[in-house]
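Have a look at the structure below, then the notes.
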C-alpha cells in the first residue's frame, strides 16, 4: 500500500472517530426533547380534562339553581338569580328572564323569552286532502253501487252478451299511482256486504241496515226483509264460512265446499269480462267486475252468500294471473311458429335479431305466410288457433265450452290480448337469445291498444264482407271441435220416439183401460 493510500485511510478513520461523539450527543438531545414533548402533551391533556370537568360541574350547579329558582318564580320577592316573570297570568304572551352573572362585578343579562308552542291534540287535527277517511270510503262505495245499478238496468247487462262494437266502447285509462292504495284501503275498511250490496251490521242485528241502489232491486219495489214471509229462509243471505285459517295469502281451499264452488264460477265469469270488455282495466273496474261476477255466480248456483273484502281481493287477483296464463300458453309456440333457433353461434343470434325485427314490422307476425313479395292470410297465423285451443278449449269442461255467452263468437278483446302476448313472446328473442320478459300493463297497454285499433279498422273496412265476424266464429268453432264438445244446440240425451207413446196409448185402449200385469200372461 502506498503512503498516499495509508494517509487517506488514516484521515477517514480519524473523521469517523470525531463524528461518533457528535452523533451520540445529537441522538441523546433529540431523545430528551421527545420525552419533554410527550410530558408536556400529557400535562395539557390533564388540564383540558380538569377544565371540562369544572365546566360540567358549573353547568350542573347553574341548572340546579335555575330549577330551584323556577319553582319560586311567581313569588313577589324573587331571590338573586331567580326568574322574574313580567306577568303572573298562566296565559302570558312572553316572559322576562334574568340570567345571573358569574362575576359579581358584572350586570345580569336581561332577555325576553317567547312562549312555548301550544300542543296540538289529535282530535283537533284536520285530515289531509288526499287521505282516505271513512266518509270518503263510504262515498266511493255509494258511487260504485250507483254505477252497478245503471249497468244492471241497461239492456246490455240484461242480455249478458258482449256487443259487436265492443272495440269502440273500450277506453284505456292509465291508473293513477294512488288508485291501488286508495281502493285497497277502501276494501279493507268495509264491513260485510251481502250479494245485493247491503251493509250488514253484526253489532246490532235489530238495527236498520244501510242501503244503496243495487242491480237486483227494481226502482219502486220494496226490498225483501228477513222478517218477510213466503219462505224467506230459503233466500237468506249468509256469510262465507271458513273451515281453516289462511296461512299466508287467502285461498279458496280455506272455505267450505259450497263457497269453493262459487269461487270457481265467479273466477270464470271474471275472466270472461277480461276477454270481452277490457284486458287491462283500472282498479275501480276490477272491483266492479269482481262484485258482478260473485253475484252472477250466486244466482247461477241458486244461493246467496255475502262477499267481503277478502273475497273481492281474491277475485281481482285473478286479473294479472289471467294475463300471465295467456303469455305462458303463447311462449312454447313462438319458436316453432316463426323459426327462432337457440344457439351460441353469432350467425344464428344475428338471424334471430333480424327475424324479430321483420315480424314486428307492419305487424307481420299476424299473417299466415310471410314472403319478400308480400304477406298473406291476415289474422290467420296458426299460432292464434293453437293458443285459443289450449287456453279456452282444452276439453269439454273448459271456459270456452261452458260459457258461450263470452266466447261465441270468440271476443275481439280476447283476440287483441292474444296478439299482444304473441308480440311479447317475439320481444323475448329481440336480443338473439330467448329471455323471460314480464307481461305487464305498464309496458304492453299501448301495444294492446294498437291491436284493438287495428281490429276495429279491419272490421270497419271489411264490413260488407263480414271478415272479422267470420274469423271470430271460426276461432270458436275450431276450438269447440278441439275440445271434443258437442255442437251448441245439439241434444245429447237419449229420447224415445213419439210413435212409442202412440203405441202405448193404442195398447191401453185395446185393453179397455186396464193395465196389464204378470197374472194375465198365459
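Along the chain as shown, the residues are counted starting at 1.
Cβ atoms are placed via backbone N, Cα and C, with glycine included.
Per DSSP, the secondary structure of the compositional bias 'Low complexity' (1-12) breaks down as 10 helix, 0 strand, 2 coil. According to TrEMBL, the compositional bias 'Low complexity' annotation covers 1-12.
Look at TrEMBL and you will find 1-77 (among others) tagged as region 'Disordered'.
The compositional bias 'Basic and acidic residues' annotation in TrEMBL covers 13-23 (among others).
The compositional bias 'Basic and acidic residues' annotation in TrEMBL covers 30-66 (among others).
Feature annotation from TrEMBL assigns region 'Disordered' to 198-254 (among others).
Residues or ranges marked as compositional bias 'Basic and acidic residues' by TrEMBL: 242-254 (among others). Per-class residue totals from DSSP over the compositional bias 'Basic and acidic residues' (242-254), listed helix then strand then coil: 3 helix, 1 strand, 9 coil.
The domain 'DUF6532' feature in TrEMBL is assigned to 266-458. Per-residue confidence over the domain 'DUF6532' (266-458) averages 94 (mean pLDDT, predicted model).
In terms of DSSP secondary structure, the compositional bias 'Basic and acidic residues' (30-66) contains 37 helix, 0 strand, 0 coil.
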